[in-house]
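*Asks:* Structure below; questions to follow.
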Amino acid sequence: MPQGGAAAREAAKPQDQGWAWMVLLAAVLLQGLTLGFPSCIGVFFTDLRHDFQASNSETSWFPSIMVAVLYGGGPLCSILVKRFGCRFAVMLGGLLSGVGMVSSSFCKSISQLYLTAGLITGLGSCFSFQAGVTVLGYYFVRWRTLANAIASTGVSLGFTLWPLLSQYLLDEMGWRNTFLIFGGILLNCCVCGAIMRPVQLASGSPPQSPKPAEEPGRKAEGAQLSNGTSPHPELQQQTRRTACFQMLQKHLAFDIFCQNKGYQIYTIGVTWTMMGFALPHVYLVPYAIQNGVEERRAALLISIIGFINIFIRPLTGLLSGHRVFTGRRIYLFSLAVLLCGLSNFICVISAEFSVLIVYCVILSIAMSGVGALTFQVLMDVVEMDRFSSALGLFTVLESITLLIGPPLTGLLVDITSDFHYVFYNSSFFLISAALFMGLSFCTLEKKNKLKEASKVPLDNPSKYQYNEVPTEPQSESQSPPAVMYITSV
């Protein structure tokens, strides 16, 4: 009993201290192992294409499926976390990732690689990454923003180290043995998950997700069962339809997409952006090798992007959090996307290694802005009580274009035998998306201002005047009004 009481007191300790920092370290490693892993796939692109006698388009389906499942599996991961908890989801993801890469080392065709490394490893990485991010919200309250910023540096570390390790192992033992070793490395996600023990709040109860509301028709069905009669088939069918609709409404917020113009514009813009955003990561290494750059130096290009991200991404996140940029982060995001698109023209000018280094530096700075602002802007345009469901639809649509972008560009390269079209395509999608988002939000902002101004003469104008001193006394328990972002009409 004394041991149990001590354990309870340990579990009831406040957050933001003690074991929480070990969990944060595990989250850093998880993001490096999961989000950073796809950055090394370009190193194996040429070898896989030659060994399987596949085209550029066929080979690019492998990383596309992996990244698409990594982002698009969010709703499934959310269900898994609510049912079994974050620790289980992270460890299951690590197991799937390891099994997927070990199986990939025995593949006999490129289509088998789609299933093992693409689907299985991608789904495992999704579970580990998203559950690892979720658990930080349980362990950190006061330092939650700092914890997320530190955890995001794991992505940059992964971008830096994975390509270098991949090129070394590829030179020493070939891609099959390298994939086998990668399977063992990704199993370390299970170790990170084991560290993430369920946290208990001061009340002694773990922060369980609230149970889903009872579905319409369930009470009637239960009453019929208690009376010894089976529910009517039509009632059963209606109950299943209602449950399915509620599940979609909870994890895929189509109602927000239809009603919130800001969310609609941003989701379409980011979805279009992803058609070109991933192309340099997949094709930069083979492009450099084709133009005479040594393989080790070509792999170094991706590592340069990751290394600069380590420093620029947290700095960008802190800068964008300043109150000066409140309500204007979408324009910073659009500017970062525009810079990504314009930087691709550097590769078209020359494929010299020194020129490609300049390209990687500029691209990395722009990518840091995109990575640091993506979810901050989403929080600006969507109410926080619907953020998780808005994020579900956002990532699913994003994963679709991440899936089809590289293969379609690979098909164009196969037809033309010219890698320059990779960067032309990327520039087109990125620049057009940046202009669309920037101009659309500017137009929406002006429209909302005119709409608000037109409402003032209709009522008593004094109602709309700003008073620094409230006209009515407020009780001390009353919370201050929340900041409202006008995002829909």
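Cβ atoms here come from the backbone N, Cα and C positions, even for glycine.
In case it helps, TrEMBL gives these features for our protein:
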- 212-221: compositional bias 'Basic and acidic residues' (COMPBIAS)
- 224-234: compositional bias 'Polar residues' (COMPBIAS)
- 472-481: compositional bias 'Low complexity' (COMPBIAS)
- 20-450: domain 'Major facilitator superfamily (MFS) profile' (DOMAIN)
- 203-234: region 'Disordered' (REGION)
- 457-481: region 'Disordered' (REGION)
- 21-45: transmembrane segment (TRANSMEM)
- 61-81: transmembrane segment (TRANSMEM)
- 88-106: transmembrane segment (TRANSMEM)
- 112-139: transmembrane segment (TRANSMEM)
- 146-165: transmembrane segment (TRANSMEM)
- 177-196: transmembrane segment (TRANSMEM)
- 265-286: transmembrane segment (TRANSMEM)
- 298-318: transmembrane segment (TRANSMEM)
- 330-350: transmembrane segment (TRANSMEM)
- 356-378: transmembrane segment (TRANSMEM)
- 390-409: transmembrane segment (TRANSMEM)
- 421-444: transmembrane segment (TRANSMEM)
*Asks:* What residues in the same chain, six or more past the boundaries of the transmembrane segment (330-350), come closer than 8 Å to it by Cβ-Cβ distance?
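*Replies:* Result: 266, 269, 273, 276-277, 280, 284, 287, 320, 356, 358-359, 362-363, 365-370, 373-374, 377, 380-381, 420, 423-424, 426-431, 433-435, 437-438, 441-442.
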*Asks:* Which one, 21-45, 61-81, 298-318, 390-409, 421-444, has the most C-beta pairs under 8 Å toward the transmembrane segment (265-286)?
*Replies:* 421-444
*Asks:* Looking only at the domain 'Major facilitator superfamily (MFS) profile' (20-450), report the model's average pLDDT.
*Replies:* 83
